[in-house]
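Following: one structure in structure tokens, then a few remarks.
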Amino acid sequence: MSSALQKNRPGAAFPFDNSYVGLPPRFFAAQAPTAVAEPWLIKLNEALAAELGLDVETLRRDGAAIFSGNLVPEGAEPLAMAYAGHQFGGFSPQLGDGRAILLGEVVDRSGKRYDIQLKGTGPTPFSRRGDGRAALGPVLREYIISEAMFALGIPATRALAAVTTGEPVYREKVLPGAVFTRVAASHIRVGTFQYFAARGDTDGVRALADYVIDRHYPALKEAETPYLALFEAVCERQAALIARWLHVGFIHGVMNTDNMTVSGETIDFGPCAFMDAYDPATVFSSIDQHGRYAYANQPAIGRWNLARLGETLLPLIDAEPDGAVDKANAVIKSYGERFQAHWLVGMREKIGIAGKEDGDLDLVQALLTLMQTQGADFTLTFRRLSDLASDNATESEFAAGFREPDACGTWLAQWRERLSRDPQTATATATATERAIAMRRVNPAFIPRNHRVEQAIEAAVENGDFSLFESLLAVLSKPYNDQPGFAAYMQPPKPNERVLATFCGT
Ligand code: AMP
Ligand code: MG
């Protein structure tokens, strides 16, 4: 198996160490960003920059020029990646980075390799009819939500910087233009594999698979059947990831195969949003009219997308087609069990159970059903249950979140009975407090509530006021801490504040 990865090379603002550019030329198009009129640095994520070993001083000084694409830093080898994808079930054999440019890669202090990508930097050979630009609103949304996901402990691409361009972008109306700088373990998608498979380019699929194994799953180099092992490993990471989404009420919104990474990171925060009141059918995206990507459909869509990945790998899995299909099918079948296991582990933690009993699934389901029929807020219910575990809240405070407070009594009695049998309870005297602490670590107080995100975006877009954006980022950076000064940020929207639809703004 070939290795495209090189040694770290110390450099100027970015110690670039590029490997994707070493893949065959048909994998990408060399493309420099298009300069903009008047770049202004909204935000630099200094903590992330430092972790990545970047020169923070230089970025403070030249950040507007660098993160707008006006100044291509030394060592960058800018390119647009080729990929394909199923969008809402329909296949497009050629998508690619239509408005994004990979500047290059850096290796962080712990030895992990990351892509530095600018999004909104003008047309590329993959732009089709698009302008290659991004509007300020979606840039701020991606900044807020990707950083919130990171703080929640959920694998996600990260936000390094946001700039305004001083140029208008034309959507349904004229909007301020912006560029987002994204950091990702890589930008390789299920759709990247599909790009080569759709062309019958098995050598391309193999070169990509070897690169992915090298970069994301190096242990598999020793596996007996590395490509089948790769497929299984990607299924495992996606099963774990989608379970984590469900645990915090996250709805991705556009789970197209070009928006699903093989690294297991959440990517492309277009019309994504967090659910307030629990309803498994929740959809926010204005373009998802049939609810394909609704909250509770996400595990099944993950499976569908992974089946598409499996198809691209068939010629590598086994030279004998029937054998390849059987092996890939067995992996896809295991995805459901993997997802269910991850989901249940997390749900047990959310209700404070350390052990395992057969009835736990029913207990969890009963709470979810109750929340749904009683219009209870997903996040607050679990956070208040954590308080209840250590008697920091009364049952009536917990029950106040339900339309008919009396409706929770039976479930709470079953829950307490289950806790009394839990191993934690039998061994320690301080267990109630310990249990509550453990529950608070998995049940956030703060999520990026959609109405807060929209308020922050509106203030920035309409009035150039970034103060709400800043305070939201600050609160969301510690989602599991009580932050009494920000108690209002915990609250669901009032009826007049509710935001029912989100737009990807592309
Ligand atoms: P997305 O819906 O953001 O995942 O994008 C789907 C595809 O459309 C990708 O190939 C993007 O690069 C491309 N795209 C989205 N917006 C634009 C734009 N404004 N200009 C050019 N290409 C775009
Ligand atoms: Mg995308």
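Glycine is treated like the rest: Cβ placed from N, Cα and C.
Since this is a predicted model, take the numbers as computed values, not measurements.
According to TrEMBL, Gly96, Gly98, Arg99, Lys119, Asp131, Gly132, Arg182, Asp268 bind ATP; the candidate from Arg109, Arg189 that the record adds to this site is Arg189. In this structure, the CA atom of Asp258 (active site, proton acceptor) is 9 Å away from the CA atom of Gly96 (ATP binding site). Proximity of the binding-site residues Arg99, Arg182, Asp268 to ligand 1, judged by a Cβ distance under 6 angstroms to any of its atoms, singles out Arg99, Asp268 in sequence order. Distance noted between the C-alpha atoms of Asp131 (ATP binding site) and Asn259 (Mg(2+) binding site) is 20 Å. Here the CA atom of Asn259 (Mg(2+) binding site) lies 14 Å from the CA atom of Arg182 (ATP binding site).
All protein chains shown were included, and the count of other CB atoms within 10 Å of the CB of Arg99 (ATP binding site) stands at 21. Filtering Asp131, Asp258, Asp268 by Cβ distance to ligand 2 (under 6 A) retains the following recorded positions: Asp258, Asp268.
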